[in-house]
Amino acid sequence: MTTTRSAARTRGTSSPLGAVARYGLLIGPLLSMIDSSIVNVAVPDIATELGADLKAVQWVVSGYLLALGVSLSVTAYLAKRFGTMRVYTVSMILFVVVSAGCAIAPNIEFLIAARALQGFVGAPLVPLALSILLGKDGIGGGKIPISAALVLFLAPALGPTLGGLLIGAGGWRWIFLVNVPVGIIGLLLLVRIPKGIGAAPNSGIRFDPVGFALLAVGLTAALLGATEGTSEGWDSPISYLPLAGGLVLLVLYTFWALRHAHPAVDVQMIRHKNSASALLLQVLCSVIAFGTVFLMPIFTQSVQGYSAVETGLALLPQGIIMGVGTVVGQKLSARIPLRMLVAFGFVVLAISSVFLLFLEQDTPLWGTALMLSGRAIAIGFVTTPLLVAMLAPLPEDQLADGNTLFNITQRLGGSIGVSILGSLVAGGTTLAATIDSFHVVGWVLIGLAVVGAIVSVWLTEPAKGQVPLVSTVGE
């Protein structure tokens, strides 16, 4: 994980958090991040056991990401109002309980609702753990342990592999049930964290109900319209009305937030060209990344007939290589112009997406693994420099909002990618039509990657005095 601060913002390096406390604090983010992708390989099994179609099961994935994005918009307020550690602990407890609910889901409707609730209650785990580990309150030295970096970047990529192994061992319900004992261990380890850590409760903090309503309803409606577009036709009211209405609400929220003293999420940073460009590029990157991670397990299992375990093992290399790409991208971002590094990453994404144009029923798993590995290292090259470009121009009082907005953009871009690309594939009624739909997805991803490479030229280097301190240290 990359933490971006100017040299002037660097804090001391002493920390009262011991190794055990840090590892305990990371269990929450680990579970939350893994659960964003672990369901992907379980889609066929869930559809079969619960008697649901692909379009419905797709909402098990999208609902989690959408609810997580909406919840992120109130995380900062909750932490300031009720205290960081209190909100983190309650979030962890609820995440464990709701995970158990997902595991016993009797039908697809219950599972979709439980997954959405799981995403909502689990959303604070990542930002609140980071607010402590990164020294926001003067206890982490402004640096992040390597263990945290591995959790935050490898967990989503390794989710499908872990999911495949759990499904092979005990069925799809275990991908949720495993959260219960691991989460309880994390809760027990929280007692090692000293009292007084994190922001103290502040009853004077005001909530922005209008802004939150605009943001939450707008995001939900836009995603609904995007999902219904391909299956119902883009000329159908069930498609264009929610999409258009959602976009209007999001525009209204932007105007509201720019004029409101205490918005749900501060969007003032979009006035900076670099920050705005980085957000747009992150949306493109998230659509490409999350959409592919969702679709490839469907292809290997439903079209090619591979098991969940075989699919999980084929996805394993991408997680390892994404970690390598992240570290390399972090190092290169200090030596190579941002626009060049990001553009190169998108070019590699475009080249690797060409593989999708040649997918067939007999395509070997090693070929799929190779393609995903190429995409993984490219995503590592793109994400770290974009975070640098996003946060470098921001003043100290906007860093928290910048991180939150970047996280929301990343998550919701992924949710939109899953919805739109999943809808394209769901339109296939025969084996040949399904394979052809994956070829169409390939062309879409190539186009998005090319757009990303072009938009990258808008990025500029941080001005002198804004050069970020990027450090990954510790355990």
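Glycine residues also receive a Cβ, built from the backbone N, Cα and C atoms like all the rest.
TrEMBL: automatically predicted annotations, no manual curation.
As written in TrEMBL, here are the features:
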{"type": "TRANSMEM", "residues": "20-39", "note": "transmembrane segment"}
{"type": "DOMAIN", "residues": "21-464", "note": "domain 'Major facilitator superfamily (MFS) profile'"}
{"type": "TRANSMEM", "residues": "59-79", "note": "transmembrane segment"}
{"type": "TRANSMEM", "residues": "86-106", "note": "transmembrane segment"}
{"type": "TRANSMEM", "residues": "112-134", "note": "transmembrane segment"}
{"type": "TRANSMEM", "residues": "146-168", "note": "transmembrane segment"}
{"type": "TRANSMEM", "residues": "205-226", "note": "transmembrane segment"}
{"type": "TRANSMEM", "residues": "238-258", "note": "transmembrane segment"}
{"type": "TRANSMEM", "residues": "279-299", "note": "transmembrane segment"}
{"type": "TRANSMEM", "residues": "311-329", "note": "transmembrane segment"}
{"type": "TRANSMEM", "residues": "365-391", "note": "transmembrane segment"}
{"type": "TRANSMEM", "residues": "412-434", "note": "transmembrane segment"}
{"type": "TRANSMEM", "residues": "440-459", "note": "transmembrane segment"}
Self-check item: Any contact, the transmembrane segment (86-106) to the transmembrane segment (311-329), with at least 3 Cβ pairs under 8 A
Solution: no
Self-check item: Region pair the transmembrane segment (20-39) / the transmembrane segment (238-258), three or more CB pairs under 8 Å
Solution: no
Quiz item: Which sequence positions outside the transmembrane segment (59-79), separated from its termini by at least 6 residues, show Cβ-Cβ distances below 8 Å to it?
Solution: 32, 35-36, 39-40, 43, 46, 87, 108, 111-113, 115-124, 127-128, 131, 198-199, 205, 207-208, 212, 215-216, 219-220, 223, 227, 264-265, 290, 294, 400-401, 404, 407-408, 411-412, 414-415, 418-419, 422
Quiz item: By a Cβ-Cβ criterion of under 8 Å, what residues six or more beyond either terminus of the transmembrane segment (365-391) are in contact with it?
Solution: 2, 4, 153, 157, 269, 274-275, 277-279, 281-282, 285, 288-289, 292, 296, 299-300, 306, 310, 314-319, 321-330, 332-333, 338, 341-342, 344-346, 348-349, 351-353, 355-356, 399, 402-403, 406, 410, 452, 459, 462, 468, 470
Exercise. May I ask which of the stretches 279-299, 311-329, 440-459 has the most CB pairs under 8 A with the transmembrane segment (412-434)?
Key: 279-299
Quiz item: Do you know the mean pLDDT across the domain 'Major facilitator superfamily (MFS) profile' (21-464)?
Solution: 81
Self-check item: Contact set, same chain, for the transmembrane segment (440-459): CB under 8 Å, 6 or more residues outside the stretch
Solution: 273-274, 277-278, 280-281, 284-285, 287-288, 291-292, 295, 338-339, 342-343, 346-347, 349-350, 353-357, 359, 382, 389, 421, 424-425
